[in-house]
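Remarks on the structure that follows.
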Amino acid sequence: MASMAATASSTTVVKATPFLGQTKNANPLRDVVAMGSARFTMSNDLWYGPDRVKYLGPFSAQTPSYLNGEFPGDYGWDTAGLSADPEAFAKNRALEVIHGRWAMLGALGCIFPEVLEKWVKVDFKEPVWFKAGSQIFSDGGLDYLGNPNLVHAQSILAVLGFQVVLMGLVEGFRINGLPGVGEGNDLYPGGQYFDPLGLADDPTTFAELKVKEIKNGRLAMFSMFGFFVQAIVTGKGPLENLLDHLDNPVANNAWVYATKFVPGA
């Protein structure tokens, strides 16, 4: 555990210690801990380079040569050799980052309407994510946030058209850049349009944020898969499933549903 500095700044006494079978500094948190701001900055040595954390800890001595810790989220695991080819590696890395971002947005969108309706009393008519779309065929149609004074979503073609145009513009800017802004970057375009707060201005912070993004993106993709399975098995939203489980864990859990679930029944 990182030790707290007694003053606003201090220096770390560095010594080699075993960390998951690898030689690491005694404190993996860089000692830039300020008492006033209580800010901890992770050492990027923990996530990048040959001495980074591996997926099996001390049993990860033999990792593929092409997984050298250059990119965020590289724990040395590719048993199927899917990324042995450099072009395939670049493609898979881009797919993972983009799908992770979509999954983070999707997971929030699946939960947030249920939260707003239950505790903020916002009337969505149907807050459950996989049932909401069907409301477009109801008598009252479907309105954004359940408010008829906002954009009316009754026309599926109009919504689809706007979605294609808006997403096409954003993706085009992301890949090709903007006039006068630069050539762009497929995964991390940055700049005033994609990073207006300047969160990635510092290279060390930027490298750390990439790791946080890919880790949370992977977790969100698993979460979305869980939401899909819950929807098929229970017919309920994620928040309702969680509350049911907390209310009666014995009667509401995966094992109970696994014993009585029959696909298509």
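Each Cβ is built from the backbone N, Cα and C atoms, and glycine gets one as well.
Features as listed in Swiss-Prot:
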- 1-42: transit peptide (TRANSIT)
- TYR55: chlorophyll b 1 binding site (BINDING)
- TRP77, SER83, GLU96, ARG218: chlorophyll a 1 binding site (BINDING)
- 95-115: transmembrane segment (TRANSMEM)
- HIS99: chlorophyll a 2 binding site (BINDING)
- ARG101, VAL151: chlorophyll b 2 binding site (BINDING)
- GLN135, LEU145, GLU213: chlorophyll a 3 binding site (BINDING)
- 150-170: transmembrane segment (TRANSMEM)
- SER155, GLU171: chlorophyll b 3 binding site (BINDING)
- GLN163, PHE261: chlorophyll b 5 binding site (BINDING)
- GLN163, ARG174: chlorophyll b 4 binding site (BINDING)
- LYS212, GLN230: chlorophyll a 5 binding site (BINDING)
- ASN216: chlorophyll a 4 binding site (BINDING)
- 219-239: transmembrane segment (TRANSMEM)
- HIS245, ALA254: chlorophyll a 6 binding site (BINDING)
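A map of Swiss-Prot features onto the structure.
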residue: GLU96; record: chlorophyll a 1 binding site; DSSP (3 states): helix
residue: ARG101; record: chlorophyll b 2 binding site; DSSP (3 states): helix
residue: SER155; record: chlorophyll b 3 binding site; DSSP (3 states): coil
residue: GLN163; record: chlorophyll b 5 binding site; DSSP (3 states): helix
residue: GLU171; record: chlorophyll b 3 binding site; DSSP (3 states): helix
residue: LYS212; record: chlorophyll a 5 binding site; DSSP (3 states): helix
residue: ARG218; record: chlorophyll a 1 binding site; DSSP (3 states): helix
residue: GLN230; record: chlorophyll a 5 binding site; DSSP (3 states): helix
residue: ALA254; record: chlorophyll a 6 binding site; DSSP (3 states): helix
Pairwise Cα distance maximum in Å, chlorophyll a 1-binding residues per record: TRP77, SER83, GLU96, ARG218: 17
Binding-site residues near GLU213 (chlorophyll a 3 binding site), in sequence order, restricted to TRP77, SER83, GLU96, HIS99, ARG101 and a 10 Å Cα cut-off: ARG101
GLN135 (chlorophyll a 3 binding site): tally of other CB atoms within 10 A of its CB: 17
Residues close to chlorophyll a 1 site centre defined by TRP77, SER83, GLU96, ARG218, Cβ within 8 Å: GLY73, ASP74, ASP78, ASN92, ARG93
C-alpha spacing of ASN216 (chlorophyll a 4 binding site) relative to GLU96 (chlorophyll a 1 binding site), in angstrom: 11
Cβ neighbours of ALA254 (chlorophyll a 6 binding site) where a neighbour is any other Cβ within 10 Å: 14
Sequence-distant neighbours of the residue listed as 'chlorophyll a 4 binding site' in its chain (C-beta under 8 A, six or more apart): GLY100, MET104
Most crowded position, judged by CB atoms within 10 A, among SER155, GLN163, GLN230 as binding-site residues: GLN230
Close in space, distant in sequence - ARG101 (chlorophyll b 2 binding site), Cβ under 8 Å, 6 or more apart: GLU213, GLY217
Between the residue listed as 'chlorophyll b 1 binding site' and GLU171 (chlorophyll b 3 binding site): CA-CA distance (Å): 32
Spatial neighbour of SER83 (chlorophyll a 1 binding site) that is closest, considering only the binding-site residues TYR55, GLN135, ALA254 and their CA atoms: TYR55
